[in-house]
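According to TrEMBL, the domain 'Histidine kinase/HSP90-like ATPase' annotation covers 52-210. Sequence annotations record features per position, and here TrEMBL assigns ATP binding site to Glu59, Asn63, Asp107, Met112, Asn120, 127-128, 150-155, Thr200, Arg350. Taken from TrEMBL, the feature region 'Disordered' covers 646-665.
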Amino acid sequence: ADTPEPAVDAAENANPEAVPAAAEAVGEAARMEFQAETRKLLDIVTNSLYTDKEVFLRELISNASDALEKRRHRELTVEGGGTESGAAEMAVTITADSEAGTITISDTGIGMAREDLVANLGTIARSGSRNFLQQVADEGVAASTNVIGQFGVGFYSVFMVADHVTVFSREMGAERGHCWRSNGDGAYELSEAAHVQPGTTIVIKLKESEQRFAQKYTIEQNIRKYSNFVGFPIILHGERLNTIDAIWMKSKGEVSDEQHKEFFRYVAQEFTDPRYTLHFSADAPVSIRAIFYVPNSHMEKWGMARQDPGVNLYSRKVLIEPKCEKLLPDWMRFLKGVVDSEDLPLNISRESMQDSALMRKLNSVLSKRVVKFLAEQAKRDEKEYLDFFREFGQYIKEGVCADFELKQEAAKLLRFESTSGERGELVSLDDYIARMVPEQEDKIYYLAAPSRESAMASAYMEACAANKVEVLLLTSTIDEFVMTNLNNYAGKTLETAENAQLVLAPTEGAEKLSSADAEALFAWLKEAVPQIKEVSLSTRLADSPAMIVGHESASMRRMMAMMEAGRAPQLPPQKLEVNGAHPIIRGLSAARDAQPQIAKRIAVQVYTNALIAAGLMDDPRMMLSNLNDILASTLEPHARAAVPAAAATPAEHVEVPAQQSAKDA
């Protein structure tokens, strides 16, 4: 609906300058019926359209702001200013009387003539603001983008809380004002009014059940929540409330670092300064003005609850949805800030998006801009970016896993340790690609391990190291899942080093199993260790006796175990590659006939060790019994040889201190 604007007040503490004398209806009132469709819509508006009754005040303040904007436009474009001499300062004034149960909202805007009251308040969905913009466009004058109203129903939200509403309004330059009254029952009264100042005043008599809205604290909180950035002063009982500037509506060069710091503290409810600030605007596919801040830290890393989105959605500086979930992908929830668009096709209650396809487009534009911005920061100052990544890297990894549209762009932001750097030194995928060697055949190799040390000692690293192939070291539980979801980057395949088909150059003069001995050993191994499905000679091992190949991901196995209440699925038989030149394998080949029992225990341990190296051993304690048997078998000859000497020394002459005995036990 069109903007209600000041005149006079019927509640306590009315502004004496804005209202020199009490406005009052004069003469006979004409009773008029709402149009039939308007009566139906009125019932919808008051009973179904809005999910929260508190938005009525937002709608009325938006109308008042529109009226003030129209006045400003007239003053700038009409010869002579189009306003009266001594016109009041442009502002919205609100007073409330909790005892009387009334709220009075006045503005010093353009005001309405009798026909405007009929057209704008007597007909739902005939938006005066929309008509105003159309008129300005038709006349060839740049339409003001500060007009908020779109659908002409906002005014009627007042009947969610009001028993009766009185509107006094006087158009700028007119001699007389008019009074519009209704209780929302399908009819209204219209009469002339005396002592009405230019603008509009709305007097709301609240329902008995809605008296809480007459409390000064409730009104103040409502204004700070929804209308804190309206472009005109909002004065509640003589105190201006909206003192924070909507800096996102300014150009980037007009906002100082100090203003950004102050605004960040307000919007993020923090006391620190932002780590990064992204301030931008765009005209396509929709008009966007936005500010995003990256804070210095987040609480999720301490095991706190998953944080809510931190970006609020505005339309022409009026809050539409706080902590809007649809504006950005969920993995960007660490960002704080605002997005404002005058082009959003809000539904007529302004509480949700009408066009979900356009909302998805907006999400895409904003999220791509954020990723581009972070990539720019990494190029500008890699050290500063690495500090950011160490704090917020888990969100970036989440984005690569969850955001199909953006995962390739987000992958540019990933950083990992690598065999080419020192402990704690992180590299990007682009850095890695720049150092690739021909032997890699367009494969980016990585290895998941609990720590850098265990990765560097892994059997799977031996062929990579020998071929001078760099390997990314994944030590976070989510890292391997990230690589699996990403799958490829910049035309390169992401491959675990466990599957690397790199060949070691043969060592001259090294002893190794003959083909016949190897075949016999392989057959015996499968019989001695039923968990071994297949055995073959390895061309990738230098220092390790054996390794598991073609196995499932250890990280995926751990994730499956978590989903199954800690119980990992049974491990299927595995493929084993053995190093035919390793002393253990050659010794095992000789011992399988000479000492079959010991050889079998060693075979089990070789397989177990390979499982551990592959991260597939669910409970290492299970190998202790076999390991103890191997130790006992190895030391048994020495134990037998020591028996006569021990028997020659009487027990009472063996003196072992109790503490040492306990220590040696």
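In case you wondered, yes, glycine gets a Cβ from its N, Cα and C as well.
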*Just going by other Cβ atoms within 10 Å, which of the binding-site residues Glu59, Asp107 has the emptiest spot?*
Glu59
*What does DSSP call Phe155 (ATP binding site) in the simple three-state scheme?*
helix
*Hey, what's the Cβ neighbour count for Phe155 (ATP binding site) at 10 Å?*
26
_Cβ neighbour count (within 10 Å, all chains shown) around Asn120 (ATP binding site)_ = 26
